[in-house]
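**Student:** Would you mind keeping the following structure in view while I ask a few things?
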Amino acid sequence: MQGVYPAIITPLKENKVDYDGLRNNIDFLIENGVSGVIPVGTTGESPTLTPLEHEKVVEKVVEFVDGRVEVIAGTGSNSTSEALEFSQYAEDVGVDGVLLITPYYNKPTQEGLKRHFGEIANSINVPIVLYNVPSRTALNIEPETIKYLFNEYSNISAVKEANPNLSQVSEVLDSCDIDILSGNDELTLPIISLGGKGVVSVIANIAPKEFVQMVDFANAGKFDKAKEIHYKLFPLMKLMFVETNPIPIKTAMNMLGMPSGELRLPLCEMAESNKLKLQNALNNLGLLK
């Protein structure tokens, strides 16, 4: 895996999934050069989608993409059997891979993680991207565990690494050849400089062309050019997490007239003070017309 993989939002209209809007957003991203799309992850509000909505969104994304780029579906859960079942469903409807978050809340041991991911890997054939996000799960996939999983299971091929500690990335890449994608827009360039391949991006939902250019420059070793884009987008990157994701990105997309819609509780609208900051950042980048 290499390049920019937007973690796409799930657009809503009157509290129902807006599939026409979803198609439009996907076409926009593909036209601007992304390597793939990642539906029903954190940014896609997966915790508040019903199981049927979750499945239908994945099915529709595969249909709308129609083989033009990769589809890596979020299929993780803190229940191994549930994650396995949804991963099998996603494979059946034609995804190119699955993204499996570390089980949250029940906080398994590293041995439990090995068994959790291993059981799923043995049950599907498509590539698996491990998703390490300790800030949400209160659990880190230790480098030794990642090394074990990569060496033991041929379809565990990548990690979305959202641990801000770059020592983690260094330790992983020093021990095995697994592909690492940054799980944090702000850390994309540092992670690529250490040997990472790209990013699962939030900001790419609204600035895909620029982010693809930045990552392409970085992967080609042209870091001076990549840094120019990084610093141009950096204020907006920070604002994407001024409140809980996906509140800022959905707010920005609404401001830009893109299909986005409301959020589902317990997420709610952005504070007015933060909306103003976001509006100013979009204006400064020339994104607001």
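One-based numbering along the chain as shown.
Cβ coordinates are placed from backbone N, Cα and C, and glycine is handled just like the others.
A quick note: this is a predicted structure, and the numbers were derived from the prediction, not measured.
Copied straight from Swiss-Prot:
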SITE      Thr42  site 'Part of a proton relay during catalysis'
BINDING   Thr43, Val200  pyruvate binding site
SITE      Tyr105  site 'Part of a proton relay during catalysis'
ACT_SITE  Tyr131  active site, proton donor/acceptor
ACT_SITE  Lys160  active site, schiff-base intermediate with substrate
**Student:** Listed recorded positions are Thr42, Tyr105, Lys160; which of them have CA atoms within 10 A of the CA of Val200 (pyruvate binding site)?
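**Tutor:** Candidates kept after distance check: Lys160.
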**Student:** Compute the C-alpha separation of Tyr105 (site 'Part of a proton relay during catalysis') from the residue listed as 'active site, proton donor/acceptor', stating it in Å without decimals.
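**Tutor:** Cα to Cα, Tyr105 (site 'Part of a proton relay during catalysis') and the residue listed as 'active site, proton donor/acceptor' are separated by 15 Å.
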**Student:** Could you list the residues of the same chain, at least six apart in sequence, whose Cβ is under 8 A from the Cβ of Thr43 (pyruvate binding site)?
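**Tutor:** Thr43 (pyruvate binding site) has long-range Cβ partners Ala7, Ile8, Ile9, Val202, Asn205, Asn245, Pro246, Ile249.
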**Student:** Calculate the distance in Å between the alpha carbons (Cα) of Thr42 (site 'Part of a proton relay during catalysis') and Tyr131 (active site, proton donor/acceptor), and round it to a whole number.
**Tutor:** 11
**Student:** Judged by the number of other CB atoms within 10 angstroms, which among Tyr105, Tyr131 is the least packed of the recorded positions?
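**Tutor:** Ranked by other Cβ atoms within 10 Å, the recorded positions Tyr105, Tyr131 bottom out at Tyr105.
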**Student:** Between the Cα atoms of Lys160 (active site, schiff-base intermediate with substrate) and Tyr131 (active site, proton donor/acceptor), find the distance and write it as a whole number of Å.
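**Tutor:** Given the Cα positions, Lys160 (active site, schiff-base intermediate with substrate) is 5 Å from Tyr131 (active site, proton donor/acceptor).
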**Student:** At a 10 Å cut-off from the C-beta of Thr42 (site 'Part of a proton relay during catalysis'), count the other C-beta atoms across all protein chains.
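**Tutor:** Looking across every protein chain shown, the total is 23.
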**Student:** Across all chains shown, how many C-beta atoms besides its own are within 10 angstroms of the C-beta of the residue listed as 'active site, schiff-base intermediate with substrate'?
**Tutor:** 27
